[in-house]
Amino acid sequence: MGGSCAQRRRAGPRQVLFPLLLPFFYPTLCEPIRYSIPEELAKGSVVGNLAKDLGLSVLDVSARKLRVSAEKLHFSVDAESGDLLVKNRIDREQICKERRRCELQLEAVVENPLNIFHVIVVIEDVNDHAPQFDKKEIHLEIFESASAGTRLSLDPATDPDININSIKDYKINSNPYFSLMVRVNSDGGKYPELSLEKLLDREEQRSHSLILTALDGGDPPRSATAHIEISVKDTNDNPPVFSRDEYRISLSENLPPGSPVLQVTATDQDEGVNAEINYYFRSTAQSTKHMFSLDEKTGMIKNNQSFDFEDVERYTMEVEAKDGGGLSTQCKVIIEILDENDNSPEIIITSLSDQILENSPPGMVVALFKTRDLDFGGNGEVRCNIETDIPFKIYSSSNHYYKLVTDGALDREQTPEYNVTIVATDRGKPPLSSSRSITLYVADINDNAPVFDQTSYVVHVAENNPPGASIAQVSASDPDLGLNGHISYSIVASDLEPLAVSSYVSVSAQSGVVFAQRAFDHEQLRAFALTLQARDHGSPTLSANVSLRVLVGDRNDNAPRVLYPALGPDGSAFFDMVPRSAEPGYLVTKVVAVDADSGHNAWLSYHVLQASEPGLFSLGLRTGEVRTARALGDRDAARQRLLVAVRDGGQPPLSATATLHLVFADNLQEILPDLSDRPVLSDPQAELQFYLVVALALISVLFLLAVILAIALRLRRSLSPTTWDCFHPGLCVKSGPVVPPNYSEGTLPYSYNLCIAHTGTKEFNFLKCSVPLHSNEDMVCSVSPGALIPPHGGEDLTSHPETLTSQAPPNTDWRFSQAQRPGTSGSQNGDDTGTWPNNQFDTEMLQAMILASASEAADGSSTLGGGAGTMGLSARYGPQFTLQHVPDYRQNVYIPGSNATLTNAAGKRDGKAPAGGNGNKKKSGKKEKK
């Protein structure tokens, strides 16, 4: 039924070498596949096996989605066999109208790869229409004077069928006067005419009736009949004559309706009524009669409607001129319509990909489309283009067919979709154009790894946090879509190994929130680092890592711990012995405490809560040093007790207490007989209550206090100045031991810690100083020489040298040298007031020495001075010895039983006397005994 390029391709031996390349070049190398079918085929009739003619197997029909497309779809493809089937009624006369060659053009589309083939179906005419006369009754007139051979034109019948199925012949019934002649024009049209065979006699027969039959060439033939009535009239011997037998004119299709088109003219040599000519359309299609109008008197032809070259290119009509005597003649009028560029091109999308992967290579076909312009010639030639700033371009695959292909890399994250506007422009003057926009969606692939908001994270978490609390949150973003952009978080590494990371922290896979699995302890874990990973769910998965450093902040959760004084092995408290001759400022002992916290939470301060003799001792706020605030008086007990509180700097502060037992004696033998008779000291809480009662009583006797004050003022005026000086409030005692001038200074080789039971019945008697101390702060002496000074001013110091007691400065053997000072470098002067350490190194040095001092004080193994119970520091606890876990404390180093501070032992080994503070040092000539 039809030929195909595929069949010819298989026939060529050389083309077999390139079976895979032929589908790409098929549209340009082969002629269209042609089929020929008769019209009016039933629906479902097989036109041909399109798959076979394309060289496709039965499996390829569905796999490659073989289909056809056209403006009016009259055909379809069987999805199983690949047959081209009739889908709708095919009427050649309706589809092609008056065209003799009727063809339907289709496009066969296949995918994988995407391609298109041209198919032409020729519609063959069948004899489905019978001839038809415009008028069933034909009336003619003829003069009786008409000679034999006169011809009368008859209206021909019409048949929409073509070729052999069109009108083939005409017949009339037999009669003696007329015969039928068929005239064939140059275009093949057949026109019947009656020929007069013999003269007429109107008087004999005034009219003649004939039957005209039109036959087509079909098998079987179809026919139509018309009744002819001929009236015989009087003589009119000259018929009209046209100036031309054929009129031809060309008109623009843009000619407005009502415009004059053509005027036909005919002349008649007769006179009178026989010369009056009227014009009529004859043998003209009804569509032509609707398009044009003819003035019967003038012969002027005008258009009733606008022309459209795309619908009808040429009009043909016959005009008859008839005179008043009934004679007539005909002429042919041909009107050709000239094409104007009045139709814009059309863009028809035949195939379009729904989505394009963003990793599609350049040259991938994403759409097929064709153009159509109903104009003719250059007006119908179309060229297409698109925007130049998009990664696509157009290829012309064949006449009026185009491919839209990729021309660069696609990135969905930057441009998720493209609105491609195709512009088609014809070559007319002026050119006309049209556009068609299509939307191309870019499908996502997993080409972007997650990205964290920060390059690293640092969070601060206070210790003792509740387990399960969130401590941080990391966030990452992924511009991909769906699973490619869905992020999960996890912990992949940490510096807690080999500890179980999961027992410390966890992370929410969905939100990135980091939770603490336990309460952190700053003293055990101050900081740790985690490596978090963000991973998407694409295939393959992509990930990114980020570091998270967690700093555990300190809280005041550890109370101070007193290292000295400590209880003995039997639970009894140690006693510190104080010489009876101790002057104000004498260093009695030192409270040493540590705090496991850090920072301000470990900044310790020392306070006296209770004292058996208030005002006798002073306590350094930061150093914890216990010094004599005044000289021992006659009424002061030999045994003294101090209750000291150690507070840290936290909020709220935590504290610890320590009890100091002090004994005034010059040697141990002096106090041993009386220790058993010493009454037991009252309970600290009871004494505190007692003082509260006394304070309340004092408030009630304010008047009595006023009297006492008046008596005191009177006594001041009556007593000698020397006696009053003991009560002078301006007395300042030099810090450090006061030694009478008949003694020489030197280092003590021994010191004592005396433990005395509470059942003693005796106590040491010391000389009490009547000078009260008006400050409970640390005593700092700057000018006092350690003796009673009259209140007359500094000039008495030079005028009465015999009243001054010379006192050597403290022995520097017990002081730190500059190189041995803990903390900062030796060139920097330390702060003697207990200020906070400047750096971690200072803290570690002090912590090491404090622990060493405390350890030796506890076990009585002091090596400094050689005496048992001395909390001295040996050379191994110098500044180079560090302990990382001991908290920071400065100045809390004390040597019990001594009024000296640490010194460099090197000077002692070299036999050099330490330099005194004021140059009045005497060499010791005596050796102290225990």
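Any Cβ shown, glycine's included, is placed from N, Cα and C.
Not measured: the values here are computed from a predicted model.
The domain 'Cadherin 1' annotation in Swiss-Prot covers 31-133.
Per Swiss-Prot, domain 'Cadherin 2' is recorded for 134-242. Helix first, then strand, then coil: DSSP counts for the domain 'Cadherin 2' (134-242) stand at 3 helix, 54 strand, 52 coil.
The region 'Disordered' feature in Swiss-Prot is assigned to 791-839 (among others).
The annotation region 'Disordered' is assigned in Swiss-Prot to 900-930 (among others).
According to Swiss-Prot, the feature signal peptide maps to 1-30, an assignment based on sequence analysis.
Sequence annotations record features per position, and here Swiss-Prot assigns topological domain 'Cytoplasmic' to 713-930.
For 692-712, the entry in Swiss-Prot reads transmembrane segment. Within its own chain, the transmembrane segment (692-712) has no Cβ neighbours under 8 Å among residues six or more beyond its boundaries.
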DSSP residue counts for the domain 'Cadherin 1' (31-133), split into helix, strand and coil: 15 helix, 39 strand, 49 coil
Whole-number mean of pLDDT values that fall within the domain 'Cadherin 2' (134-242): 87
